[in-house]
Every structure is written in structure tokens, then in C-alpha cells.
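These come from TrEMBL:
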- 12-33: transmembrane segment (TRANSMEM)
- 53-70: transmembrane segment (TRANSMEM)
- 82-101: transmembrane segment (TRANSMEM)
- 133-151: transmembrane segment (TRANSMEM)
């Protein structure tokens with residue numbers, strides 16, 4: 001609701017909902033990479049394949065490119081907002097990882113007793129963040145900042161085209 005008690009327009013409501021949902025998915029992907037940063041196929045076969053399919057940064061780059069392809073200033077603004085929220089998400093996750101202390105007493109699991117699902121579950125719910133985790137988050141923040149700059153540039157170009165103003 002707005003201050004004058006008028007409901008939000010359906011498109012604005014959809015935009016807010018889509019942005020929020022997108023950011024939750026992005027945050028989950030960045031957290032997944034941070035929690036599994038120190039693990040590889042040498043520890044658990046198949047983990048590198050899962051990491052390859054979870055790529056939150058690609059979505060941040062696709063939004064401005066789709067906006068450019070569709071010539072949509074509104075979608076470029078959404079892409080900028082998502083990328084900026086991605087930077088904020090990375091900053092919060094970085095702070096969380098720095099302040100997080102791993103639980104003591106988690107027993108080691110023999111390789112024969114590990115499964116891919118149990119390894120991922122343990123990584124996500126009993127994480128032991130390392131410097132690789134922090135590097136993964138910092139890299140995601142840099143990619144999000146670059147996606148924000150791309151979205152800003154695309155929005156500016158689309159606005160110039162719409163107004164017929166020459167570049168200068």
C-alpha cells in the first residue's frame with residue numbers, strides 16, 4: 001500500500017516480487033559457493049559438476065543483456081537494482097563468514113561413508129568457512145559491481161536512443 005492507501009500497480013508488485021525472489025536465489029548461490037569453496041572432486045566426486053551448474057553471477061549478467069536485446073529501460077533498471085542488491089548481499093555474507101565460528105566437535109566422515117548429498121548438506125548447514133570462501137564472496141561482489149556498471153551503461157544508452165539525443 002502507498003501512503004495514500006492506494007494499492008501498488010500490478011506491474012510494480014510483480015517487479016518487487018521478482019527482484020526479491022531473484023535476490024534470494026542469488027544469495028543462495030553465493031552462499032553455496034562460499035560453503036563449498038574448499039571442497040573439490042578430490043574430496044567428494046561430483047561436487048565440481050554441481051558447482052559448475054550453480055552460477056549466480058551469470059544471472060546478474062544476463063539481466064542487462066536481455067534488457068539491451070529487448071530495448072527495455074525498465075528491465076535495465078531492474079537489472080541495476082538486482083546487481084546493486086547483489087553487492088549488498090555479498091557484503092552481508094562476507095561479514096557473516098568473517099564472524100562465523102565453526103561448530104566444534106563435528107566428526108570426520110570416512111570417504112566410503114560420504115555421499116554427494118550428505119557432503120553438500122553438511123557444507124551448507126555446518127559450514128567451515130575458509131579464506132577461499134571469502135575470496136569466492138569477494139569475486140561475486142566484483143562481478144555484481146561490474147554487472148551494475150553494465151546495467152547503468154545499457155540504461156543510459158537506451159534512454160539516449162529513446163530521446164534521440166546524440167552521444168557525447
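Start at 1 and count along the chain as shown; that gives each residue its number.
Using N, Cα and C of the backbone, Cβ positions are placed for all residues, glycine too.
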Would you mind listing the long-range same-chain contacts of the transmembrane segment (12-33), meaning Cβ under 8 Å and 6+ residues beyond its ends?
51, 54-56, 59-60, 74, 78, 81-82, 85-86, 89-90, 93, 124, 136-137, 140
Quickly jot the same-chain residues contacting the transmembrane segment (133-151) by Cβ under 8 Å, restricted to those at least six beyond its ends, or write none.
30, 33-35, 37-38, 56-57, 60-61, 63-65, 67, 76-77, 79-80, 83-84, 86-87, 89-91, 93-94, 97-98, 127
